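Features as listed in TrEMBL:
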- 1-65: region 'Disordered' (REGION)
- 26-45: compositional bias 'Low complexity' (COMPBIAS)
- 251-412: domain 'S-adenosyl-L-homocysteine hydrolase NAD binding' (DOMAIN)
- GLY282, GLU283, VAL284, GLY285, LYS286, GLY287, GLU303, ASN406: NAD(+) binding site (BINDING)
Amino acid sequence: SQQIQFADDMQEFTKFPTKTGRRSLSRSISQSSTDSYSSAASYTDSSDDEISPREKQQTNSKGSSNFCVKNIKQAEFGRREIEIAEQDMSALISLRKRAQGEKPLAGAKIVGCTHITAQTAVLIETLCALGAQCRWSACNIYSTQNEVAAALAEAGVAVFAWKGESEDDFWWCIDRCVNVDGWQANMILDDGGDLTHWVYKKYPNVFKKIRGIVEESVTGVHRLYQLSKAGKLCVPAMNVNDSVTKQKFDNLYCCRESILDGLKRTTDVMFGGKQVVVCGYGEVGKGCCAALKALGAIVYVTEIDPICALQACMDGFRVVKLSEVIRQVDVVITCTGNKNVVTREHLDRMKNSCIVCNMGHSNTEIDVTSLRTPELTWERVRSQVDHVIWPDGKRVVLLAEGRLLNLSCSTVPTFVLSITATTQALALIELYNAPEGRYKQDVYLLPKKMDEYVASLHLPSFDAHLTELTDDQAKYLGLNKNGPFKPNYY
C-alpha cells in the first residue's frame, strides 16, 4: 500500500493557522441573556483556564469512557437541542421507522468526520438506529456544539470533538476514531476529505475492509477525484456533494438564508446600499447574491467560468475582477472552493473597516497566513470577529479567521440539513449493501432514483401532493411512472 502524496502533501490542505503571536482564540465571551444556544455563541463557549478535554477523565452514565468531549454533564442540554432538530428532520425519522424491521446497516462500522451539531446528531443516531456502529470526529475546529457532542457520548456514540480544538487536537480526534483495538471501520462518511486523507497517510491497511467512502464537500470530492486520477483510490466513493439534493438545496437555499445571519450576528452591518463583492457564482455564490440583492446591496461577482459569469450577468450582477473593485467595496465574501482568492495584496488595498469572510468549505480562500506578520496588529473584538490593523490605522474586519462563516458564526436551517443528511444516509446504505462489483474503485454520483426518493420524503412537510403520470403520458415521455424523471447528469 503506497503512501499517498496530496498536492504539497499537508501544506495545501492545512486548515488551521498556528497559534502564534496573538491572544488565545478561546477567550470566553460573557454570556448575556440574549445569547442563543447556537454554535455561534454556544452555551459551552470555552475559556482559557480550563484543562483540555484530552486531560480529563469522564464517563457517561453507563460507565463508558469511549469518547472525548468538553463536558459530559451537558448531555441533557444537548439532548434537548437534538430533539428540537428532529422536529424539522422528519425524513430521517421516517427512514428510522421504515427500517425498524430490516436493519440495512447491520454490521456497518462507520467512522465519520463532519460538523457536529444537533442536525448531524440526528443523522448519526439514525445510522445507529439502522444498525450501524459509529465513531465520530469533527471536520471543523469551531462548529462543534459541545452540548450535542456530550449528548451523543451519553447515548453511547464514540465521539471525539469539542469547540475550539487546536490543530493537534483535530488530528488526534480523527486518529482516535480510526485507530482502535478490536474495532475496524468498514465505511467512511467524510466532509472535507481530512479523515480519508488521514487513513491514507497513516492506516492504508484499513482500506482492505472499507466498502465505500461517502463525501459531501466540494473540497473533499476534489481530493477524491485527484486520488482516482492517480489510480490510488482503492475503494468506491460516493460524491454526495454533486447530487441534486445537496447542490441545489444545501449550497443554494441554505447559504441564501445563512449568509445574512452570520454577518448580522458578528458585525450588525446594514446592507442597504453597501457595495459587496461575492467571489464565485456557483450554487453558494448564487444563494449569497440573491439574499444580498434582496436587502438592497450593490453586488459585484467575480468568476472564472464563462457559464456562471453569464448567469450572474443575467441575474443582474456586474461581473468584475476583484482588483477592479477592491478599493471601493464594503464587504468581500469568498465562495469558490479555491485557494488564495483574496491575497495579501487585495487586503492591503481594501478600504477601512471592510468586512472579509468566507462561505466556502476550506479556509484557504482568504490568505489569512499573510496577515500574521509583525507589522499588523490583531484585535479580538468578540467571538469570531478580529480586527486586523495596518500601521496607518486602517482596519479590516475578518470573520471566523477565514473559516466557514455560517457554521462558525451562526446556525444553518435544520430543514436543509435534513435533505443533505438523508442523502448521506442513503448513499451509505447503497454502498454498504451493493453487490460485489456494482461499484468499482471510482467516484460515483448517487443514482437519480435515490435523489428523487430523498426529495419525496421531504414533501409531506409542505403538505405537497405530487401528480401521477397516466400510463399514456408515461409512454409518451418514455418514462417509468415511478421515476427516475431526470437523466443522471441533471
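Note that Cβ sites are derived from N, Cα and C of the backbone, with glycine treated the same way.
Note that this is a predicted model, so its numbers are computed, not measured.
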Of all the Cα pairs drawn from GLY282, GLU283, VAL284, GLY285, LYS286, GLY287, GLU303, ASN406, the residues the record ties to NAD(+), which distance is largest, in Å?
22
Averaged over the domain 'S-adenosyl-L-homocysteine hydrolase NAD binding' (251-412), what pLDDT does the prediction give?
95
Just how many other Cβ atoms lie inside 10 Å of the Cβ on GLU283 (NAD(+) binding site)?
23
In sequence order, what residues of the same chain, 6+ apart, have a Cβ less than 8 Å from the Cβ of ASN406 (NAD(+) binding site)?
CYS254, CYS255, SER258, ILE259, ASP261, GLY262, MET359, VAL412
When the binding-site residues GLY285, GLY287 are compared by other Cβ atoms within 10 Å, fewest goes to GLY287
Surrounding CB atoms that lie within 10 Å of the CB of VAL284 (NAD(+) binding site), all protein chains
28
Long-range Cβ list for GLY282 (NAD(+) binding site), cut-off under 8 Å, min separation 6+ in sequence, same chain only, gives ASN251, CYS308, CYS335, THR336, GLY337
